[in-house]
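Presented below is the structure to which this report refers.
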């Protein structure tokens with residue numbers, strides 16, 4: 001198809017302008033800011049080299065936030081992919097009402113994170129929350145869901161699982177349905193039992209989808225902010241402080257722009273590594289995983 | 001044979017459990033406080049009341065909803081406009097070698113970066129433009145999420161438009177503009193609608209930037225309004241549930257519209 005050289009540029013211009021203003025400039029800027037000490041906000045910046053990074057590595061809060069973020073990311077991703085797989089296997093075959101069950105299972109994922117958080121904050125309430133009411137009705141002791149430092153991060157995982165299992169479920173269900181029925185028939189002809197079929201055929205064929213779901217969820221859990229902000233505020237103590245919360249606090253509460261930028265750069269590097277994994281996966285899988 | 005009964009039964013049970021928090025929310029939104037501030041397991045109200053909804057109107061919920069609508073539709077329109085042109089250029093027009101691949105990788109990287117890392121410089125950008133604490137400012141910064149998403153999703157839909165149609169129009173002497181308006185856009189309408197729905201949901205639910213860049217309470221969107229209610233008092237559950245239900249209704253309705261595209265849309269258009 002013929003077209004002048006200018007036309008593609010013209011078409012890309014609005015997107016390029018928006019990216020330049022809202023992404024490229026901010027990325028460069030945050031990188032530069034990370035080498036400066038700034039006096040309360042943006043005024044009186046002085047170049048300090050790598051001092052902000054050195055200060056971060058020496059800051060126990062930063063180490064705790066990093067550890068919590070990794071712990072949350074791994075725990076949430078593993079639970080979400082595992083449960084998503086179980087759910088997908090559960091509804092992969094036809095049964096009455098399946099057409100209602102599937103969209104219903106997806107409902108939590110479309111709710112606003114703030115709505116989700118509002119519900120669960122009420123459910124976690126020690127005295128009147130739904131969860132503790134159920135525990136007490138069953139004769140069990142109530143749990144300090146958000147105030148026990150050993151439990152709070154698992155409560156966040158629980159909320160994240162409820163909200164995002166629909167995504168892993170949908171991806172894995174699509175994967176299951178893309179497996180040709182003839183493969184199963186051949187396996188049955190050869191005398192394979194249900195367990196063998198699951199472990200030797202279904203799971204190996206699902207690997208690309210399992211990887212996709214894991215990457216999508218790990219990239220997303222790594223960013224976690226809203227739920228921490230509204231459920232625990234990072235507490236009790238620093239038990240649920242995450243990197244996003246840490247950057248928010250430094251930049252928007254203590255106005256230590258230099259330090260916050262250095263922490264942001266470290267986050268970009270980690271997210272970039274995850275993204276690279278993802279990019280490789282997409283390039284490789286473009287032709288068959290669909 | 002056992003699986004024939006067991007599996008559906010288990011599926012129904014799990015579905016009911018998954019729905020429980022939503023049922024609780026709807027129930028609580030019409031419960032008088034005395035019923036939910038109580039140590040008893042109880043999902044549905046005994047004496048339903050519309051009090052929480054009435055109070056939300058006094059709190060100015062309609063204004064917040066209007067803000068959310070303005071920001072979501074504004075951001076979606078901008079993302080679709082810039083995203084469609086970019087996606088079309090990437091698929092159809094001859095770009096320099098590797099330019100489209102580099103652009104796509106860049107889009108991917110942005111999509112995957114945590115929003116908070118751009119927040120500090122974006123704050124300065126908005127301040128410089130005089131758009132801090134304005135809805136127009138939010139429409140602009142939402143492009144950080146919305147535009148890469150829209151481009152990535154629209155790419156697939158542009159690829160689905162048969163080149164032959166456009167070539168036929170070209171033979172008939174149609175200009176690029178005419179081909180776009182009379183051939184490409186009409187053929188892509190379902191794709192554009194699906195993309196619009198997902199971008200709308202994304203923007204409707206956005207929280208981080210709305211929290212950081214809007215200070216005046218009358219300009220709050222629904223998520224930031226909910227956040228203030230959550231942190232203000234421990235047991236405003238009736239009002240919280242009512243607002244949660246109101247904020248969720250339009251989205252649940254929209255999802256019904258695009259059921260078939262669910263997986264593609266929710267995996268971030270990246271599948």
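Glycine is treated like the rest: Cβ placed from N, Cα and C.
The feature domain 'ABC transmembrane type-1' is assigned by TrEMBL to B:65-258.
Counting residues 6+ beyond its ends, the transmembrane segment (B:9-27) has Cβ neighbours under 8 Å at 43-45, 241, 244-245 in the same chain. Positions annotated as transmembrane segment by TrEMBL: B:9-27 (among others).
The annotation transmembrane segment is assigned in TrEMBL to B:69-91 (among others). Proximity of distant same-chain residues to the transmembrane segment (B:69-91), defined by a Cβ-Cβ separation under 8 Å and at least 6 residues beyond the stretch ends, is recorded for 100, 103-104, 135-136, 138-140, 142-143, 146-147, 149-151, 154-155, 157-159, 180, 184, 188, 192, 195-196, 199-200, 203-204, 210, 221.
Same-chain residues lying 6+ beyond the ends of the transmembrane segment (B:103-123) with a Cβ under 8 Å from its Cβ atoms: 86, 90, 132, 141, 144-145, 148-149, 151-152, 155, 208-209, 212-213, 268, 270. As annotated by TrEMBL, transmembrane segment applies to B:103-123 (among others).
As annotated by TrEMBL, transmembrane segment applies to B:135-158 (among others).
The transmembrane segment annotation in TrEMBL covers B:179-201 (among others).
Non-local neighbours of the transmembrane segment (B:207-230) in the same chain are 60-61, 63-65, 67-68, 71, 115-116, 119, 122-123, 126, 132-135, 137-138, 141-142, 144, 236, 239-240, 243-244, 246-247; each lies 6+ residues outside the stretch with a CB under 8 Å from one of its CB atoms. The transmembrane segment feature in TrEMBL is assigned to B:207-230 (among others).
Among the features that TrEMBL reports, transmembrane segment is placed at B:242-262 (among others).
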